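Q: Swiss-Prot feature annotations, pasted as is:
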BINDING   THR30, LEU31, GLY32, PRO33, LYS51, ASP87, GLY88, THR89, THR90, THR91, GLY415, ASP496  ATP binding site
Amino acid sequence: MAAKDVKFSGDARQRMLRGVDILADAVKVTLGPKGRNVVIERSFGAPRITKDGVTVAKEIELEDRFENMGAQMVREVASKTNDLAGDGTTTATVLAQAIVREGAKAVAAGMNPMDLKRGIDIAVAAVVKDIGKRAKAVASSAEVAQVGTISSNGDASIGKMIAQAMQKVGNDGVITVEENKSLETDVDIVEGMKFDRGYLSPYFVTNAEKMAAELDDAYILLHEKKLTGLQALLPVLEAVVKSGKPLLIVAEDVEGEALAALVVNRLRGGLKVAAVKAPGFGDRRKAMLEDIAILTSGQLISDELGMKLENVTLNMLGRAKKVLIDKENTTIVNGAGKKKDIEARVGQIRARIEETTSDYDREKLQERLAKLAGGVAVIRVGGATEIEVKEKKDRVEDALNATRAAVEEGIVPGGGTALLRARKAVGRINNDNSDVQAGINIVLKALEAPIRQIAENAGVEGSIVVGKILENKTETFGFDAQKEEYVDMVAKGIIDPAKVVRTALQDASSIAGLLVTTEAMVAELPKDEPPAMPAGGGGMGGMGGMGF
């Protein structure tokens, strides 16, 4: 076991704080409409330019192991917020830095870290409740567009596109973001179906960066039972190889010899193939396989119908223009199914929804209906260079996540205003324990951090902005950093999803609370690398005595 280096109390916290500051300072320059870009070196290809907080955070590794631990904890804040809300990662990082800084000062002044943590938790709970009360449901497509515009850094065309896509496929519809070959960014509504089953083996992946399998103009084999043996599969595999098209296999499961053969064929390049488990269970699985069959103009290979796998021909397989498979989901886009068949199936499902008395069954039938009738919206991001396209795609994905969050939990005034106004709720809390009260005050001060940073990135003094906003009693009054003026944020369309604001604060306080209560840090000592062997073969001279 390698020797360890251990740091305690003040020394540990100081090093950790240095790491937190390095990461947070790199991330927070991207906050707000006048946030700057960060350029990230790539080991190959052109550098990446981004304004996405979590992308910057994920790239940072520090040489000092103790500083790196602090940085990685804050990176976790950005990642967690991104996973839960899909946006707000920079806000979460700024909040975490503010709480850790003030917390470290309080601990250095001799306060009890556990009481401070309790105070932080009490204050955060009050803010979350306050944000919930302020949140207003998204009522119109215009509000969806406003959220998208703010999250994409003030790009109204992106906001409009997302609102248009959501209108077409519904709030629960599937919207994906792709890179466009041309200069234009456009939205395309495609008939399609998405279900929650990913690839059975990572060896099916065709796009290593996204860890996804992408099959164009694919055949689709739908099988009701498990596939274990290879023999029955061979005729259909040979027919598909001759056609030169990729193949998607959807079955109850694919394992053993069958899965091994598919993986080997995929790796050798003989057959572009992917296999996924069928969605659902029992009778519902069979119904969903039939839905896919109708959508792709294929046949479900079922023993009940007297069909044998070895007798399957190409015209019994479904067809789709594109199939996208990641670790958790499969999306079938532009199936070859006839419109009248799909409409008839949709009619059947609607009739069953009206007949059913079970809420659970109704919910599952509505899911199937959305998958069949909703379709998939694809936003294609274009640009003059690959770097520009990637930067814009980051912003489109942020905006899409933010609009989904807004539809889910409503909207609040943007630009850091909601958190600043929540100070009132925290200010009302009084605790007899002075250390717990100090923890509450840490959050009270941290709630100013996002709006200060937005103002500073716009070249304005943060404290003046905070003071001006707090002087005005109108709840929606805030600072428009784009135009550098004080306005009614909601009337101006500067709004944030309540879920993003709430998640950012909860994740930031959770990790910051752990950092504040840290008393010791343990890291491996760097190993001394042995000197490299000298080059050349001069050392072999002693072999002469061996009679060669």
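Note: Cβ is positioned from N, Cα and C throughout, glycine not excepted.
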Q: What are the sequence-distant neighbours of GLY88 (ATP binding site), meaning same chain, six or more residues apart, C-beta distance under 8 angstroms?
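A: Residues satisfying the criterion: THR81, ALA402, ASP496, VAL500, VAL501, THR503, ALA504.
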Q: For GLY32 (ATP binding site), just count the other CB atoms lying within 10 A of its CB, please.
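A: Around the Cβ of GLY32 (ATP binding site), 28 other Cβ atoms lie within 10 Å.
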Q: For THR90 (ATP binding site), what is the secondary structure state per DSSP, taken as helix, strand or coil?
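A: Assignment for THR90 (ATP binding site) reads helix.
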Q: Could you tell me the maximum Cα-Cα distance in Å between the residues recorded as binding ATP, namely THR30, LEU31, GLY32, PRO33, LYS51, ASP87, GLY88, THR89, THR90, THR91, GLY415, ASP496, rounded to a whole number?
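A: Farthest Cα pair among residues binding ATP: 17 Å.
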Q: Reduced to three states, what secondary structure does DSSP give THR30 (ATP binding site)?
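A: Going by the DSSP assignment, THR30 (ATP binding site) belongs to neither helix nor strand, so it counts as coil.
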Q: Under 8 Å Cβ-Cβ from GLY415 (ATP binding site), six or more apart in the same chain: what's there?
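A: Spatial neighbours, sequence-distant, of GLY415 (ATP binding site): GLY32, ILE451, ILE454, GLY478, PHE479, ASP480, ALA481, MET489, ILE494, ASP496.
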Q: Which one is it: of the binding-site residues THR30, THR90, which Cβ has the fewest other Cβ atoms within 10 Å in this structure?
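A: THR30, out of the binding-site residues THR30, THR90, has the fewest neighbouring Cβ atoms within 10 Å.
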